[in-house]
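*Asks:* Input: one structure, supplied below.
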Amino acid sequence: MSFLEVLYFIIPSAIFYAAPLIFTAIGGVFSERSGVVNIGLEGLMVMGAFIGILFNLMFVDTFGSMTPWYALIAAMLASGLFAVMHAVATISFRADQTISGVAINMLGVAIALFSVKMIYGKGQTDYIQERFIRDDIPYLSEIPILGPMFFKDVYGTSILALIVALLAWFVIYKTPFGLRLRAVGEHPMAADTMGVNVTKMRYIAVILSGALAGIGGAVYSQSISGEFSHSTINGQGFMALAAMIFGKWHPLGALGAALFFGFAQALSIVGGEIPYIDKVPSYFLHILPYVLTILAIAGFIGKANAPKASGVPYIKGKR
Amino acid sequence: MSNRVINILVPVISVILGLLVGAVIMLVSGYDPVKGYIALWNGIFGDAYNMGETVRQITPYLLSGLAVAFAFRTGLFNIGVEGQLIVGWFAAAYVGVAFDFPMYIHLPLAILAAAVAGGLWAFIPGLLKAKLQVHEVIVTIMMNYIALHTTNALIKVMSDGGDNTGTIHASASLKSAFFESMTDFSRLHYGIFIAIAMVVVMWFILEKTTTGFELKSVGFNQHASQYAGMNVQKNIILSMVISGVFAGLAGAMEALGTFQYASIKSGFTGIGFDGIAVALLGANTPLGIIFGATLFGALKYGALNMPNEAGIPVEIVSIVIAIIIFFVACGYVIRYFLEKTNKKKEAK
């Protein structure tokens, strides 16, 4: 394998593994920018993965090859709805945001597994027949070097992830909505004084984060795992959370961090097929993403990058 | 109603609401909640064996609950209890298998190894938090995965490619012939005494020592503590390490008591994560943790009987536990309603 061939091999895999992280991390950006810590991303992703597979299995005869895309929408709605619970607890009921997030994580896994056992009578679902498929992007895939690297045999969902990240950047930094979102997360009282509805903004942000995490979960289950069991998501939501922090709460930063983690994950999974890397014991490749995350967080970002009001419930009239 | 009564009522009401929601979910899913809860009850108290196993399940919960709660008191959220427990589990099993000493040396040594391993595993996030202000939640989550892969790799090396360390020597075992004869050969072991002793230790450290005062003070207000001359960094690290020691001991309970070995794991044990629930329900107090660990340990073990006797998936209990945490987290609302009804009564 020449160096270029290695790149043709590893870069598409990295983007493939990064896509679910990108969606979920962008979701995290929305939530935290509004001042609500959302550690429940994992649970929301689990819910999305489960609903995605469930919908896919149930309606594959109706929708045929379009099933995964409809399942994506179903997962988005389900996880968005699930996130309302986190929103009510943290925004209206002033619950500790981390604890509510932990409850969401436990609940997501428990509800999904409970339903799987109830519906299928066993611990995991069947494999889906219709997955997301790879395709070449016309014209772009013919560009030399870059074409085969980024646009050949690429998943539609990966392209969608990039679009969502760019869109999120535009929404957060270039629209009045985004300005209000950031204001609410930095200084809710000032925003409130200026007539921004803090509660409403935060509800929208948390529900958005749920919807995006749901998409992330459904993308993962319908392109990577192909079924749902207790170990399907297994920490992807936490990785997304780390990507968001590593990306300094910025949509494009989160995109970059997610791609980086996707790369680390791809290495640990397909590394055995790459010269030199196949000599490294698999143990080191397995722990690589996590060690890199710790090093990245410890080395590259100091404190005081988080939105100022993140983690603090807003209580009207309290100074 | 005094504040104290309300503080006790909030978790109690949360538990009742959690069980009610569980019943509604069973009803909606087409199961019989009465049958389900009877199966749960029988799973906990059905016979001597089940009761022994229930207490056996409570043992690690006590320690993982203590671990989470101790860090909480210093304002730290240690989600890494799971990873610290796993390394403690391996360390204890390793010492139990690899060495052969008389019991009065071997058993304490194995327990100590678990405590040290857990403490070291928690030292890293503590150090990063204290020196670089890296958020401990992210680091501990990552450390969990590293612990899982590391111990799996070590077990593989130790057993020449096998998936199990082999059974520990009897001289390192917490097995209890007395408990076995009493509970119809359940796996209940002497670890329960260690767990309870640690509850006392936590109470003693927090309530009776200067160190404990400093730890709590840092938890309340870092800046004030610093201004008062306390070493905030040292206290953060110390709190994490002690928390890790408790977590490591929880691992020792599994290695030396319940399982007598360590094996390769495909996923987390869940004991560390449930420790969060235990600590929350117990309001991070030693006495509360006994209450929380007993409840959740009993629920978790009793649930295993639900698929057999009532045909209901075990996960229903995980749902109930999650809902309970959710209600405890939303304590503000419960408090609000309690105070409101209270005022109405007083007005009359």
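Each Cβ is built from the backbone N, Cα and C atoms, and glycine gets one as well.
So TrEMBL has the following annotated:
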TRANSMEM  B:6-28  transmembrane segment
TRANSMEM  B:61-81  transmembrane segment
TRANSMEM  B:101-124  transmembrane segment
TRANSMEM  B:188-206  transmembrane segment
TRANSMEM  B:236-259  transmembrane segment
TRANSMEM  B:271-296  transmembrane segment
TRANSMEM  B:316-338  transmembrane segment
*Asks:* At a Cβ cut-off of 8 Å, and with pairs 6 or more apart in sequence only, do we get at least 3 pairs between the transmembrane segment (B:101-124) and the transmembrane segment (B:236-259), yes or no?
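*Replies:* They do touch: at least three Cβ pairs between the two stretches lie under 8 Å.
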*Asks:* Do the transmembrane segment (B:6-28) and the transmembrane segment (B:188-206) come close, with at least three CB pairs under 8 A (pairs 6 or more apart in sequence)?
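*Replies:* Between the transmembrane segment (B:6-28) and the transmembrane segment (B:188-206), contact is absent.
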*Asks:* Count the Cβ pairs between the transmembrane segment (B:61-81) and the transmembrane segment (B:271-296) that lie under 8 angstroms and are 6 or more residues apart in sequence, then report whether there are at least 3.
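*Replies:* These two segments touch.
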*Asks:* List, by number or range, the same-chain residues at least 6 past the transmembrane segment (B:236-259) whose CB is under 8 A from its CB atoms?
*Replies:* 56, 59-61, 63-64, 66-68, 70-71, 73-74, 76, 78, 80-82, 84-93, 96, 107, 110-111, 113-123, 125-127, 129-130, 136, 168, 172-175, 187, 189-191, 194-195, 198, 202, 205, 211, 215, 218, 269, 271-272, 275
